[in-house]
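What TrEMBL says about this one:
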BINDING   E74, D117, L119, D120, D247  Mg(2+) binding site
Amino acid sequence: GMASPALLMRVVASAYSVAEKAATIVRNVMAAGDLGIVEKTGANDLQTKADRLVQMSICASLARKFPKVTIIGEEELSTDEVTEDLIEDGHCEEILKKTCPAQYTGIKEEELVIWVDPLDGTKEYTEGLLDHVTVLIGIAYGGKAIAGVINQPYYNYEAGADAALGRTIWGVLGIGAFGFQLTEAPAGKHIIVTTRSHSSTLVNECISALNPDSVIRVGGAGNKIIQLIEGKASAYIFASPGCKKWDTCAPEAILHAVGGKITDIHGNSFQYNKEVKHMNSAGILATLRNYDYYASRIPNTVKQSLVP
């Protein structure tokens, strides 16, 4: 009979369903009205009931199916109190039908690291900027982001009461990325997407040096990568520490799967092995196309201020 699908494809197919369950939790918490907000390190670093429940749901669901995979989530939580209603056991059949790229067919569970951001754009979530919010599940092998799932729980939320809410984007290097319409930014336009709530002199100095036609300020790393792959922005630039591996792993895999590029401000790739430090201390530069144009224009003063 048919050989069973490769481990990587089974993990991605499960992560897809797990992300859809996560989106339901996010929407239910918002609808119930009590966000249960706590400040972690300050007013721009928040955690809500949704962050906590979603992380427990994602980590417990994936750990139950793939017990030897390393799973690293943003929130420091015990998984003791995970109730059965948080467990998602399903998978996406469509993903299992795709052929696993040859270089990934022999992967063992213990070689995978899954980086989870249960609610990317928490501050925006608490402020009702719902289209900024994403759930991120990134899958790494050999220190490299190779697959990812981005769910937008509120995609389409302004389309009226009857609109179907939410969508799930997924990708695997060597297969491609799905669930959206790949679009390039207008040719010759330099539209930069950057942080909304973590601005600084350095962040702004870097952007001015690039002399952009326009600047979009939105929350969430997942959301910013979506702006690139849907052609709303030509570069994502964040000249500051603060972004973490769980913010970039899933978006990186999806961006790279469609031929884009993401690095720190110095042009170094991000590493995603389980021992790596969590902070992306040297910022972010990402594009769908024309990476070199932006990379070559980042001022040295900015580079010198950001140590990898």
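Cβ atoms here come from the backbone N, Cα and C positions, even for glycine.
Sequence features, as recorded in TrEMBL, placed on the structure.
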| residue | record | Cβ neighbours (10 Å) |
| --- | --- | --- |
| E74 | Mg(2+) binding site | 22 |
| D117 | Mg(2+) binding site | 31 |
| L119 | Mg(2+) binding site | 31 |
| D120 | Mg(2+) binding site | 27 |
| D247 | Mg(2+) binding site | 27 |
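In sequence order, D51, V116, P118, G121, T122, T134, V135, L136, G220, A221, G222, K244, W246 are the residues of the same chain, not among E74, D117, L119, D120, D247, whose CB sits within 8 A of the CB centroid for the Mg(2+) site.
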